[in-house]
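Encoded as structure tokens, the structure appears first; notes follow it.
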């Protein structure tokens, strides 16, 4: 089992780090009381091999001593990585002023500036227990995400999941699409009596469309467009990219084009899915 502990001052980016861990498949628990670490791992044993918890100043006093005790009693074979995120007082004050969020220690009737300084002192012993110290004062959320991935994976690369979805315009456009292509101008197998009851997944329809130069050219141009811009989309820390392909009914042309694009991109480094909305609805 792999356990990641994320701690740090409020406003330094703990929630960003947890989102990165969640994207990497970790079971994440925010603000877990330290005495519960052992019982959490025991409950998740066998079902989740990747676990991440965040620890902040609200957990309990003398956190460093409790943490040392908990880490000493971790189950055998637990691989531990820990982060402490920090920012300068000036940056934290600016972030809180911009977001207008309440600092965890503001309830003790101290000013925001005093709460920030007090938290830094309270967390100082805990920071000494962490493996990795990240100063986020000059980092944006993407740069912080890259640093966390670099430490955990040895690489900043993030697996992008590409979903190719076929649909029929007469049934409405998919709202989750990042890119949408209209293939209603392509030759339509619907007008071939022997092909009408079939779908774009059937070989006769695939052979018919594969013989059409216009179809092949359009697929190639979509492929070229996506290959050109995928690196830029990945650098923007996307987790999913949905490419919607629409024809009139979502039965022939859009299904075939989505399948062909999925096959071409499945040979690369990305995880690729093909989904056919109207065919799924027909089965249901």
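Cβ atoms here come from the backbone N, Cα and C positions, even for glycine.
Since this is a predicted model, take the numbers as computed values, not measurements.
As given in Swiss-Prot:
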- 8, 9, 10, 11, 12, 13, 14, 15: ATP binding site (BINDING)
- 56, 57, 58, 59: GTP binding site (BINDING)
Hey, for the ATP site built from 8, 9, 10, 11, 12, 13, 14, 15, who else sits with CB inside 8 A of the CB center?
56, 85, 87, 136
Just jot down the residues in the same chain as residue 12 (ATP binding site), at least 6 apart in sequence, with C-beta under 8 A of its C-beta; none if empty.
85, 86, 87, 92, 136
Three-state secondary structure, which DSSP defines for residue 10 (ATP binding site):
coil
Would you kindly give the Cα-Cα distance separating residue 56 (GTP binding site) and residue 14 (ATP binding site), rounded to the nearest Å?
9
Please compare the binding-site residues 8, 11, 13 by how many other CB atoms fall within 10 Å of each one's CB, and tell me which has the fewest.
11
If you count Cβ atoms within 10 Å of the Cβ of residue 9 (ATP binding site), leaving out that atom itself, what do you get?
25
Other Cβ atoms within 10 Å is the metric here; tell me which of the binding-site residues 10, 15 scores highest.
10
Sorry to bug you, but what's the C-alpha spacing from residue 8 (ATP binding site) to residue 56 (GTP binding site), rounded to the closest Å?
6
Reduce the DSSP letter at residue 15 (ATP binding site) to three states and note it down.
helix
Can you tell me how many other Cβ atoms are located within 10 Å of the Cβ belonging to residue 14 (ATP binding site)?
22
